[in-house]
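**Student:** Let me begin by handing over the structure; questions about it come next.
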Amino acid sequence: MQMENLITTFPEIEIKEHEPLAHYTNTKTGGPADWLAFPVDVAQVQQLVDYCHQTGLALTVIGNASNLIVRDGGIEGLVMILTRMQTVKVEGTMVTAAAGASYIEVTKIARDHSLTGLEFAAGIPGSIGGAIFMNAGAYGGETKTVVDHVTVMERDGQIHQLSNEEMDFGYRHSAVQASGAIVLDATFALKLGDQNAITAQMEDLNARRAAKQPLELPSCGSVFKRPTGYFAGKLIHDAGLQGYTSGGAQVSTKHAGFIVNVNHGTATDYLNVIHHVQETVQEKFGVQLETEVRIIGRQS
């Protein structure tokens with residue numbers, strides 16, 4: 001089976017060839033995927049995973065690409081974007097959301113059912129799959145605190161469930177980062193609450209986010225992990241790096257923990273800014289900043 005037959009092999013799945021990933025990433029940067037597929041359900045994911053397993057074609061899975069930098073050289077092989085898998089089901093206090101569902105939309109559905117526990121995620125721009133992959137969190141909350149179980153597909157096509165404990169959640173970490181398993185859906189165990197109180201908390205957190213973060217510009221969200229005993233944004237601010245620019249990428253003047261695309265920036269611009277920030281903070285404070293953002297793809 002030849003790779004060049006991928007589109008004709010799966011006529012029922014939308015697949016694009018040499019598709020620029022800048023059209024899909026929140027940074028508006030990133031080179032082309034050799035192939036970009038848009039599965040709409042688990043059966044289509046299964047077909048593509050089986051094909052890659054059998055042929056050895058490289059497979060990369062992405063969601064909303066909100067905390068992701070794709071290098072300008074693009075991505076080899078097949079990229080599967082799961083954002084068309086958006087089903088959300090509510091049963092009592094349990095909410096099951098497909099990998100491509102918007103985390104923000106899931107928090108709204110929970111609110112509409114008077115379910116509390118997901119308020120912290122009201123403004124997190126990623127998909128459910130991405131949130132599970134990196135144990136996304138904000139304002140003192142973490143995804144791991146409300147996950148009951150996760151359905152995953154291994155790279156050989158096997159599907160099974162992982163409990164919260166088996167997911168091995170940590171700070172911006174989960175078991176699927178190392179295993180390569182693909183998140184298909186996640187079930188959240190929530191509690192009945194007061195809808196007005198839930199709404200008020202979500203609105204408060206969204207207002208705080210809008211006041212402090214550069215939501216009006218393309219970015220990849222929080223770039224660096226929180227170093228033990230420090231705040232990355234404060235270190236970057238204290239190093240005098242706010243406003244530092246390379247090409248079209250800039251350390252946000254609104255929040256030092258963000259790098260924004262101010263003028264047709266490239267992934268290389270982003271990576272240059274990240275490297276300069278890391279070097280400067282290390283030099284001035286002796287603190288090594290680790291990236292939270294996922295960086296993938298070929299060198300340009």
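Glycine is treated like the rest: Cβ placed from N, Cα and C.
In case it helps, Swiss-Prot gives these features for our protein:
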{"type": "ACT_SITE", "residues": "Arg172", "note": "active site"}
{"type": "ACT_SITE", "residues": "Ser222", "note": "active site, proton donor"}
{"type": "ACT_SITE", "residues": "Glu292", "note": "active site"}
{"type": "DOMAIN", "residues": "28-193", "note": "domain 'FAD-binding PCMH-type'"}
**Student:** Cα distance, Ser222 (active site, proton donor) to Arg172 (active site), nearest Å?
**Tutor:** 11
**Student:** Count the Cβ atoms, other than its own, that fall within 10 Å of the Cβ of the residue listed as 'active site, proton donor', considering every protein chain shown.
**Tutor:** 22
**Student:** In whole Å, note down how far the CA of the residue listed as 'active site, proton donor' lies from the CA of Glu292 (active site).
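**Tutor:** Cα of Glu292 (active site) to Cα of the residue listed as 'active site, proton donor' measures 7 Å after rounding.
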**Student:** Using DSSP reduced to three states, classify Arg172 (active site) as helix, strand or coil.
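**Tutor:** Assignment for Arg172 (active site) reads coil.
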**Student:** The domain 'FAD-binding PCMH-type' (28-193): mean pLDDT?
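**Tutor:** Over the domain 'FAD-binding PCMH-type' (28-193), the predicted model scores a mean pLDDT of 98.
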